[in-house]
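A.B. asks: Take a look at this one; I'll ask things after.
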Amino acid sequence: MSRLVTAGVTASRRRPVLVGVGCVVLALGIALASLEPGSLFTSMTSADVFVFEQLLLPRVLIALLAGASLALSGAVFQSLTRNPLGSPDVLGFTQGAATGALVGVTVLGGATLVVAGSAWIGAVASAALVYLIARRGGVTGGPRLVLVGIGVAAMLGGVNDYLITRANISDAAQAALWITGSLDGSTWSGVVLLAAAAAILMPPLILASRALRIFEMGEDLAVGLGLRTELLRLSALAAAVVLAATAASQTGPVAFVALCAPHVARRLTRASGPNLVPSALVGAVLLVAADWLARYAIPDRELPVGAVTGLLGGGYLAFLLAQQRRTGRI
Amino acid sequence: MQPNHASGPASRLAARRLTISYTHRTVVRELDLEIPDGSFTVLIGPNGCGKSTVLRALARVLKPSGGEVFLDGTPIAGLPSRHVARTVGLLPQAPITPDGITVAELVARGRYPHQGPLRRESPEDRRVVERCLEQTGIGDLAARPMAELSGGQRQRAWIAMALAQDTELLLLDEPTTYLDLAHQMDVLDLCARLHRDGRTVVAVLHDLNQAARYATHLIAMRDGAILAAGPPATTLTADLVQQAFDLPARIIEDPESGTPLVIPRVHR
Ligand SMILES: Nc1ncnc2c1ncn2[C@@H]1O[C@H](COP(=O)(O)OP(=O)(O)OP(=O)(O)O)[C@@H](O)[C@H]1O
Ligand SMILES: [Mg+2]
């Protein structure tokens, strides 16, 4: 009996650790492969050194950090909305970031730093707007948040379409590439920014795992167990949005990483709860792998990484949901 | 501090002039309610009369629009949430089962208010979880996923989770739904045992005869108000059943326990 209890609890604790280790190995392996280690051993020209230090290395590091940030944020959203389709997009995140970026490109001149900053502001502002509209009497029900988010996203989508029709061709192309998500503009300052955001925001979110687990059991039980649900909702939403917005300011709102990685993680760990750390690690793997594919899938032609994650992640998610549907889950 | 005899409640858990509204509809109006200390209180009443609503307000899950719930003489709204969670436990009528969770994990979540933000499961937590699994007769299901259990097995796992919270006051909303008759009796016997061991137990039940047999204190509700409260032997009358449920019935003595037995009249 006692053995059974222990088995019931520990069986589900060993897998996440294995999955985590597997992800780290995989992420580092792909990252190393992306760095084209072959060239390190041959004599490098100074141009090669420049490419390696200033283009390749920051690009891989940004892929790892942004993938982990977006995925962790997605896992937090799925937990907070108690909805398997949760992601920062629930708060109109992509549309808000796109509005910001479009304003940056068309109105503010389109410098990289300006676009990143205005996209960040757009994403955070639209999320705050959705939260404030959905909040009523100090309470923000999960479904209400999702519904208000859909409405605000639709409105911002209209604004975006208008801005694109007003833009000249090259501005529109720059904005479209940004919205799809791309690692082309990766710089060391971007790496520092993402690393700082991760170092500040990830630990408290990961510490909130236990509270999120209780939160998932529904408002009544969570409050009954002493959880201050509205405080958790507000602080975790804010941290997750800022984390995702910072990642997106460097890469664009790379499609599906936030939505998809937590599902892959859950599928691998088979653990209950928000699965935050495995999700972040899966996200990192997903984005470096997608970037590697984006560069080498079609010879001499580089795809935007967001197109690859969209194709891969979207396809896998459809497969996963269809399968779970058949086995009666969800 | 001097207890205020004029208006202060006599029991640990009580409500004064409680008014509860959902969006625009007031469901409970100016309700005064007393849960006698050490009682096994059973709430009865027709569907939609506000039993769950009152229970949720008593556990501070619902914020009343008027009046106050008192825990140990203090307005419950002002107490630290963890203190409330260590004193009053609530099993809601329709709890959400998290995806992919095993029975043992679910029951262990009842320990949440006893754990710090960093502290993991203590040996004490594990002992309590084991005891609760045992008490609800699901020790052999501990490692099974909740999703693969029958409705009754799942219900018992939820009761075990509520027990694991280890509170002196325990509020159970329809703990016997989904259970076969034998397991209903098991759960009620368990409640009676908890009550004998000194806990105050409040349960919503739909079976009036079970309510009469197990309750030490009966509260009958209708339309958000209390019709009658007191020991079942004197409270559960044919009149009350008529008033509460619009059901003509005879009351005879339960040959097994001597408590009131409600026999609905045959419609002709
Ligand atoms: N979340 C809610 N929003 C709006 N109205 C609600 C909500 N929950 C309950 N109600 C209404 O409040 C009234 C009391 O509901 P409550 O759940 O307390 O009844 P109950 O006595 O527990 O019924 P049952 O025996 O069916 O469980 C009902 O009329 C119900 O429609
Ligand atoms: Mg009810």
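Numbers here mean position along the shown chain, with the first residue as 1.
Note: Cβ is positioned from N, Cα and C throughout, glycine not excepted.
The structure displayed is predicted, hence computed values, not measured ones.
Features from TrEMBL:
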TRANSMEM  A:57-78  transmembrane segment
TRANSMEM  A:90-108  transmembrane segment
TRANSMEM  A:114-133  transmembrane segment
TRANSMEM  A:145-165  transmembrane segment
TRANSMEM  A:185-207  transmembrane segment
TRANSMEM  A:276-298  transmembrane segment
TRANSMEM  A:304-322  transmembrane segment
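In terms of burial and nearby residues, how do these features look in this structure?
C.D. replies: Sequence-remote contacts of a segment are chain residues at least 6 beyond its ends whose Cβ falls under 8 Å from one of its Cβ atoms, and for the transmembrane segment (A:114-133) they are 88, 90-101, 103-105, 108, 140, 145, 148-149, 152-153, 156, 178, 190, 234, 237, 241-242, 244-246, 248-250, 252-253.
Residues 54-55, 58-59, 61-63, 65-66, 68-69, 72, 76, 112, 116, 236, 239-240, 242-243, 246-247, 249-251, 276-277, 280 of the same chain lie 6+ residues outside the transmembrane segment (A:185-207) yet bring a C-beta within less than 8 angstroms of a C-beta in it.
For the transmembrane segment (A:276-298), the residues of the chain that approach it from at least six positions outside its boundaries are 16, 19-20, 23-24, 26-27, 30-31, 33-34, 59-60, 63-72, 74-76, 183, 202, 205-206, 209, 212, 254, 257-258, 260-262, 264-266, 268-269, 304-305, 307-309, 312-313, judged by C-beta separation under 8 angstroms.
Here the transmembrane segment (A:304-322) has long-range neighbours at 63, 84, 177, 179-184, 251-257, 259-261, 263-264, 267, 286-287, 290-291, 293-294, 297, 330, meaning same-chain residues at least 6 beyond its ends whose C-beta is under 8 angstroms from one of its own.
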A.B. asks: When you scan the chain for residues with a C-beta under 8 Å from the transmembrane segment (A:57-78), skipping those not six or more beyond its ends, what do you find?
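C.D. replies: Here the qualifying positions are 27, 31, 34-35, 84-88, 90-91, 183, 186-188, 190-191, 194-195, 197-198, 202, 205-206, 208, 212, 236-237, 239-241, 243-244, 246-248, 250-251, 254, 257-262, 265, 274-276, 279-288, 290-291, 305.
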